Amino acid sequence: MAASIAGVFTDELKNAVETSKVLVVGAGGIGCEILKNLVLSGFKDIEIIDLDTIDVSNLNRQFLFQKQHVGKSKAVVARESALSFNPDVKIVAHHDSIIKPGYSVNYFKQFGMVLNALDNRAARNHVNRMCLAADIPLIESGTAGYDGQVELIKKGMTRCYECTPKAAQKTFPGCTIRNTPSEPIHCIVWGKHLFNQLFGEYDADNDVSPDTEDPEAAGEAGESALKSNANEQGDIERVTTRQWAQQSGYDSTKLFHKLFHDDIKYLLSMHNLWEKRRKPTPLKMDELPDAVAGSSKDNSSEGLKDQRPWSIVECGQIFSRSLQSLKNKFEKLQSKNKDDHLVWDKDDKDAMDFVAACANIRAYIFGIPQKTRFDIKSMAGNIIPAIATTNAIIAGLVVLNAFNILQNQFERCSSVYCRLQPNHRGQLIVPERGLIPPNTSCYVCRDSPQITVCVDVNKLTVKELEERVLKSLLNMVQPDAMKDSTGDVVISSEEGEMEGTYHKTLAEMGILDGTVLSVDDFVHNYSLRVIINHKEAEHNKPDIEIVGDQSQCQPKAEEKSNGGAGEKAEEDDDDLMLLDEIEESTSVNMERKRKQDTATESPVSKKPRTSDVIVL
Ligand SMILES: Nc1ncnc2c1ncn2[C@@H]1O[C@H](COP(=O)(O)OP(=O)(O)OP(=O)(O)O)[C@@H](O)[C@H]1O
Ligand SMILES: [Zn+2]
């Protein structure tokens, strides 16, 4: 072993390596490399955690896994393979999510350092906060294709993972998705929303039916179509897409007719939308064309199966087939637990077929070029190909930083960026000039953090404050909130305690412009003052804005990104590239999805939609 070769390590470092205890979070592309490096450099006490099982697609770069391991726990197999290099190491493997409450601040405190090898923001935010709370050095790392980054996070010394705002994921206005798609991606997003409306976690903001409040339609929202939906009392009865599908027994012909014929006719009745646009063409299932018009590939039989374009009639067949399979899976889940739902996953054949077929049918209707299943998979799954070499370089740098930490040489742990093109100094691996200090206005790592939240206090409910603001946007796990001035509890992490008030608006709870809330999350040992700023909701504008400083409480143009997955580092070395997950919207979101309340399904509301911004 390297550590036992005389002259490689000083006795002090050798001793530190052998006696330190390290936690590796994630056993994927980077995690496997890190574990192998740790074992080969003499570390003797390691824990590794990963929630996932091995997929065949992991085998090209996660070299601790082989074909016979497919379907088994990543953490468990990584441990077994690493032990084959050095059986004298103690490795504890957890097939679990690091976000689970069992991995508390005290759990983190037993380690000398934590090495992150994750692929999503939620888990990274969580480990960031746990390491700050436990005051343990964290080495954060990430890759996206040829780009990679390693960074030390040490409380009070460096910036934390949340010190820099992350580039927002690309979003599209809701009315583009629902009414006037013009690019294949709009149809793909619509297909994913449809999947969730039918089988996934319900989200009223991701409705797929025509948006009657589209400002472009200027109020002429399909009068006749609305009338045809009216009940005997003349009221308009709105049901969710899922309710509608359930009532019609998920009949593929009926569903097809509603989505691709009736809803399109409804859109056509909003004349203003089509004054300067090509009108969509309603489709009937028994009249589907057998052509492959405007496809992204020519219709040759060569190439991979997934790269063969589908005709629209084929899309119709795939729509019916995948709908039935998904329906069966969904009903099976619901028979065990009525709150359970499917989670869209690009690697699930039926889920992927369904979205690809729906996206192409919708594209055809709107005169948009169709895409192959292969292209749709990479767009819908935000796939950036992972490069084994980048992972290996980054994992090597992680373990070099671990040596620096063990020698208390934190100043040598400056961030390092790996890039495809050399910079003006000819460097492919570019170190930062020094440690980057904490952002003094970071709402996570600064002393007595506070933040301003701009919302419409007459619209936002207490439940939305908890789920959308505190948990989703501010990454809390189990928040408790009380009014600063009176000490009145507004949100409690004790189950059931506040049930009666969750549906009330903030105003009804006496939370108005200027009200200050004290919010605590005991999981992260974290307290935050939240200043509420009232801002009237506007159609097609985000209904929640978070600002560090009250004076900034203005609707902002899209935040200038510090870089993100797939972005290249600029020529200037000082330009930081914060790599983020590339899979946030897919399977790795399992943990968060499981935590969210799925029992709140309600009919589509007719209130003005203020959050018509969707995330892919
Ligand atoms: N909350 C979490 N707790 C534990 N492990 C996690 C958590 N979130 C993500 N992970 C793991 O982090 C690893 C990240 O590895 P990587 O980026 O190589 O992803 P992958 O899923 O193996 O590959 P791909 O997404 O490209 O198929 C994954 O194995 C994933 O299961
Ligand atoms: Zn910070």
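Backbone N, Cα and C atoms are what each Cβ position is placed from, and that goes for glycine too.
As annotated in TrEMBL, region 'Disordered' covers the listed stretch 285-306 rather than the other ranges in 285-306, 329-350, 483-504. When the binding-site residues Gly29, Asp50, Ala123, Cys163, Cys442 are checked against ligand 1, Gly29, Asp50, Ala123 have a Cβ within less than 6 Å of one of its atoms. The binding-site residues listed here are Cys442, Cys445; among them, Cys445 has the most other Cβ atoms within 10 Å of its own Cβ. Candidates Gly26, Gly29, Asp50, Asn60, Ser97, Cys175 (recorded positions) were compared with Cys163 (Zn(2+) binding site); none lies inside 10 Å Cα-Cα. Cβ proximity to the Zn(2+) site centre (mean Cβ of Cys160, Cys163, Cys442, Cys445, cutoff 8 Å) flags the following additional same-chain residues: Leu132, Arg159, Tyr161, Glu162, Pro438, Asn439, Val444, Arg446. Around Asn60 (ATP binding site), taking its Cβ as the centre, 11 other Cβ atoms fall within 10 Å, counting all chains. If you take the Cα of Ala123 (ATP binding site) and the Cα of Cys160 (Zn(2+) binding site), they are about 14 angstrom apart, rounded to a whole number. When the Cα of Ser97 (ATP binding site) is compared against those of the recorded positions Cys160, Cys175, Cys442, Cys445, the shortest separation belongs to Cys160. Annotation note: Asp50 (ATP binding site) sits in a strand segment as assigned by DSSP.
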